[in-house]
């Protein structure tokens with residue numbers, strides 16, 4: 001099937017079939033990353049602009065590597081080195097970038113909805129690399145790919161997501177994607193970090209106790225506390241947070257024996273999870289990073305008009 005969207009703003013906008021297409025393509029493209037020469041001519045002659053208004057290590061680097069492995073030209077623009085520091089608006093930045101005729105803009109922005117605003121004003125494709133606390137679709141896709149590689153399916157899995165749900169765009173993309181693919185999502189976190197009505201996003205159960213969420217889970221996804229998005233301190237101390245919502249070996253034993261431990265990064269060791277869990281045999285955190293390149297290759301491929309041959 002052909003991917004019918006010009007942009008990828010969020011997993012909320014995609015059907016189950018479209019998510020499946022992006023994941024299947026990522027699995028096929030992943031083989032390129034293990035070749036001696038890690039490059040194919042798929043996007044030769046295309047230009048990808050990485051426009052990042054927020055700090056990023058994994059996502060920006062991963063998108064740049066993904067574009068280059070598809071033979072696209074890449075341009076990296078960060079807020080600190082652009083005219084944004086001189087007061088230029090997003091609209092003016094977009095118009096100036098568009099005048100250079102890029103084919104795809106990959107953007108991260110602190111304001112939720114910024115990508116909808118941009119996509120309506122440019123003719124090229126727009127990929128959301130994270131907008132405020134709204135969505136982070138590439139992270140949601142790579143999380144699902146990592147789970148599917150481990151279990152061979154997403155349907156019926158119990159996925160526990162623990163931490164700062166209110167301020168996490170990763171949590172929202174994971175919820176949209178996982179529930180659409182038939183997984184059962186259980187959330188746990190401090191009451192001050194659990195948004196009201198979150199259950200309406202899909203097949204979601206909110207647990208007051210982390211242990212309830214983790215019990216018999218196939219996947220335990222730990223989230224970072226988003227201090228930079230909090231207007232005020234929502235926790236007495238980090239030590240208290242770790243006591244009630246940190247993942248250690250004792251809590252992990254409540255999950256299934258083959259349960260996966262995941263984290264979108266960056267990790268705060270000793271807060272969200274202990275080092276022995278982060279570095280243990282059940283940790284798939286580095287596998288998530290590895291899968292990120294293939295997933296972002298898939299996203300770039302499909303918004304540029306790529307289509308897999310049908311049987």
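Placement of Cβ uses the backbone N, Cα and C atoms for every residue, glycine included.
Per Swiss-Prot, the features are as follows:
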type    : residues                        : note
BINDING : 58, 59, 108, 136, 139, 265, 266 : carbamoyl phosphate binding site
BINDING : 86, 169, 224                    : L-aspartate binding site
Message: Taking 8 Å from the centroid of the Cβ atoms of 58, 59, 108, 136, 139, 265, 266 as the cut-off, which other residues in that chain fall inside it around the carbamoyl phosphate site?
response: 56, 57, 129, 130, 170, 264
- request: For the carbamoyl phosphate site as recorded (58, 59, 108, 136, 139, 265, 266), determine the largest distance between any two Cα atoms, in Å, rounded to the nearest integer.
  value: 16
Cα separation, residue 169 (L-aspartate binding site) to residue 266 (carbamoyl phosphate binding site) (Å, whole number): 14
Statement: Rounding to whole Å, the Cα atoms of residue 265 (carbamoyl phosphate binding site) and residue 169 (L-aspartate binding site) are apart by 13
- prompt: Near residue 58 (carbamoyl phosphate binding site), which residues of its own chain have a C-beta under 8 A away, given they sit six or more steps off in sequence?
  reply: 265, 289, 292
- prompt: Of the binding-site residues 59, 108, 136, 139, which sits closest to residue 169 (L-aspartate binding site) by Cα distance?
  reply: 136
Message: Measuring Cα to Cα, how many Å separate residue 108 (carbamoyl phosphate binding site) from residue 224 (L-aspartate binding site)?
response: 18
Query: How far is it from residue 59 (carbamoyl phosphate binding site) to residue 224 (L-aspartate binding site), counting Cα to Cα, in Å?
result: 16
Number of Cβ atoms other than its own within 10 Å, given for residue 139 (carbamoyl phosphate binding site): 27
Task: Starting from the Cβ of residue 108 (carbamoyl phosphate binding site), draw a 10 Å sphere and report how many other Cβ atoms land inside it.
output: 26
- prompt: Ranked by the number of other Cβ atoms within 10 Å of their own Cβ, which of the binding-site residues 265, 266 ranks first?
  reply: 265
Query: Given residue 139 (carbamoyl phosphate binding site) and residue 224 (L-aspartate binding site), what distance in Å do their CA atoms have, once rounded to a whole number?
result: 14
